[in-house]
Amino acid sequence: MRMPYEIKKVFASLPQVERGVSKIIGGDPKGNNFLYTNGKCVVIRNIDNPAIADIYTEHAHQVVVAKYAPSGFYIASGDVSGKLRIWDTTQKEHLLKYEYQPFAGKIKDLAWTEDSKRIAVVGEGREKFGAVFLWDSGSSVGEITGHNKVINSVDIKQTRPYRLATGSDDNCAAFFEGPPFKFKFTLSDHTRFVNCVRFSPDGNRFATASADGQIFIYDGKTGEKVCALGGGKAHDGGIYAISWSPDSSQLLSASGDKTAKIWDVGANSVVSTFNMGSNVLDQQLGCLWQKDHLLSLSLSGYINYLDKNNPDKPLRVIKGHSKSIQCLTVHKNGGKSYIYSGSNDGHINYWDSDTGENDGFSGKGHTNQVSRMAVDEMDQLVTCSMDDTVRYTNLSKRDYSGQDAVKMDVQPKCLAVGPGGYTVVLCIGQIVLMKDKKKCFAIDDLGYEPEAVAVHPGGGSVAVGGTDGNVRLYSIQGTSLKSDDKTLEAKGPVTDLAYSHDGAFLAVCDANKVVTVFSVPDGYVEHNVFYGHHAKVVCIAWSPDNEHFASGGMDMMVYVWTVSDPETRIKIPDAHRLHHVSGLAWLDEHTLVTTSHDASVKEWSISYN
C-alpha cells in the first residue's frame, strides 16, 4: 500500500544572520553537501543542486553551528543553551548518537579531530569558554584556557601532531598542543575581536581573521607568525570568515566591506576580489571553499556561488526566506505553477514549484510582516501587511510599484479577493471593501473583532469569522457591503475560513482545535465537524477536487480531510517539526504546499486509497 503522504520537495530557509556576527557554513568531507543553521533547524543542502535539502529539527533552542565529522557519518550541532548533539547523517531519521552540555551558554563554534574521535567546543559559557572531549564518552582531553572573554572560533589541525587554535573577543588568538590539549601561548597581533581561525587542510598553516580587517598567517606546527595578508589590512572592514582551498595554497575571506577575496597565501597577494554590492545587506558574513565551489554569505541571508572568472557576478545566488513565513498562495502562469510566500520581515518570494528556482520581487515592497496574500482575477498578487498597506503587484512583471500600495486607516490583518475586482480587507476593528485597487466602503463599529475572511467564488457573498466564535455573512452590493444578518457558530474563536472552489462548502477552523464545514446551498447548515488537532488550528485550504481540504495547526500537524466523512483523513505529523504550520495551498489535487515559522516551504504528494 502506498503511503498516503510523501514529502516531495523541501525548499529550505536561508541561514539566520545577524549584522556584525560571523556565520558558519559547514562543509561536507564527501563534498556533496553544505550545512548552516536557522532558528532551531540545521539545514543540509546539496551543493550542486541546492533545491535538494534536508532539515534537522531536534534542538529545543536556537542552533548556532553545525559541522560534519571528518568521517562524514555524523554531524555535531551546538545551540544557544550549550547543548551539543551528535547525530547520524546516513539515515533520514538522523538518530541521536550522543548529547553533551560542555558548558552553560551559547556554543559559537566546534571542531573535530581528523579521526572523528575528539571534539572541541567554544562559546560564551558562564564558568568557561571552551571544552575538548572524546566524542563517545564526553571525557575531557584537555583544557581550553588563555582567554578572558567569549571565544568565537576554534579549529584543530587535521594532521598529526595535533594543534588547536582559538579566537576571542579579547582580541587574541591562542595556540594549544595535545592531546591532551594544553594552552601554549597567546597570539596578540590583532587589535579587535578575532572572528575566525582556520588551519589549512595540509596542516602547514593556520590563519586568523579579525574585526580589525587583518588576516595573519601562522605556522601550523609551531604557531610562529609567517605574515599579514596584504602586508597590512586585508579588507577595509571587519573580516567575519575565512576558508582554505582544498590544496591549502589559497584562502577565501569574507568581509563587512561587502567584498570577498581569494588570496595566494605563499605569494601574499590577492588573486580575485568579489564586489558583492553597495547595500548594507551585501556585507559578507560567512564563506566556504569546497571542491570547485566558492560560497559566500550576505547579510541578506543570500548564498552566493562566486565565479573566479567573473568576480563581479556570482554564478548563482540562492534566495528564499530567513525569517518565519506567515502566508502563502499559489498561481499558475504560462503552464507553470508558482508558489508565493510572505515572511515577517516583509519579504515576498516566488518559487517555481518544479525546480525550486526562486527570487524576490524587485523594487521596494512591504516594510513589515506580510500577513495575508491572494491572487486576483487580474493576475495580481494582493497582499496586506503590518506596515498598514494593501499592495497589488502584477505577477507578469513581479516588481513593486509605488502607486499600487493602498494605505489603510488601521492595521490590516487578513484579506480575500473575489470576482469583479473586489478585495475585502479585515483591519483591526474594521472591514474595508475595495474595488479596482481603491477603497470604496468601510464598516466600523462592528461589535466584534474580525479575524478571517473569505469571498464566495461566485462573488457577492462574504464570510467574516470573529474572535467571538461566530461567522457573519455579508453581501457585496455595487460599492457597498451589507450585513445579511446571518450568523454561523464555530466551536471557538475563528482563526481561518475558506469556501470550496465550487462554492458548495464553507470550512471554518478555530482556536478550540475544531474544523466545522457548512453546506452553502442548504442555507449554511452544519455539514460535518472535524476533530483531530491537538492545538489551535490556524490555516485551511481546499483541494481543487472540492472533496478534500487541509488544515494546519500550532500542533505542527497537517490533516487532509474528506468532506463527506470526518473519519477518512490523512495525518501528517511533524510537517514542520517544532514549528507552527502557517500556510497551506494546493498545486493540484494531489500536491499540497505547506509553509511554517521555520521559514521553509514543503511540497507533499497526497494519495487517497
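Keep in mind that glycine also has a Cβ here, set from the backbone N, Cα and C atoms.
Feature annotations, courtesy of Swiss-Prot:
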type	residues	note
REPEAT	6-47	repeat 'WD 1'
REPEAT	50-89	repeat 'WD 2'
REPEAT	95-137	repeat 'WD 3'
REPEAT	140-178	repeat 'WD 4'
REPEAT	182-220	repeat 'WD 5'
REPEAT	226-265	repeat 'WD 6'
REPEAT	272-308	repeat 'WD 7'
REPEAT	313-353	repeat 'WD 8'
REPEAT	360-410	repeat 'WD 9'
REPEAT	482-520	repeat 'WD 11'
REPEAT	525-563	repeat 'WD 12'
REPEAT	568-606	repeat 'WD 13'
Honestly, do the repeat 'WD 8' (313-353) and the repeat 'WD 4' (140-178) touch, with at least three Cβ pairs under 8 Å and pairs 6 or more apart in sequence?
no
Hey, which bits of the same chain come close to the repeat 'WD 12' (525-563), Cβ under 8 Å, at least six residues off its ends?
4-5, 488, 491, 495-502, 504-505, 507-519, 569-586, 588-589, 592, 594, 604, 606, 608
Check the repeat 'WD 1' (6-47) against each of 182-220, 272-308, 568-606 and return whichever range has the most CB pairs under 8 Å.
272-308
Pop the mean pLDDT for the repeat 'WD 2' (50-89) in here, whole number is fine.
98
For the repeat 'WD 6' (226-265), name the stretch out of 50-89, 272-308, 568-606 with the most CB-CB pairs under 8 Å.
272-308
Folded-back contacts onto the repeat 'WD 7' (272-308), same chain, C-beta under 8 angstroms, at least six residues removed
14-17, 19, 21-28, 31, 34, 36, 47, 50, 237, 240-246, 250, 252-262, 314-322
Positions whose Cβ lies under 8 angstroms from the repeat 'WD 3' (95-137), at least six residues beyond its ends:
24, 58, 64-65, 67, 69-71, 73-74, 76, 78-88, 143-144, 147, 149-156, 158-159, 162, 164, 166, 168, 178-179, 181
Just give the helix, strand and coil counts over the repeat 'WD 13' (568-606), going by DSSP.
0 helix, 25 strand, 14 coil
If we skip the immediate neighbours and take only residues 6+ beyond the ends of the repeat 'WD 2' (50-89), which ones have a Cβ under 8 Å from one of its Cβ atoms?
9-12, 16, 24, 26-30, 35-37, 39-44, 95-116, 119, 121, 123, 125, 135, 158, 303, 318, 355-357, 576-579, 598, 600
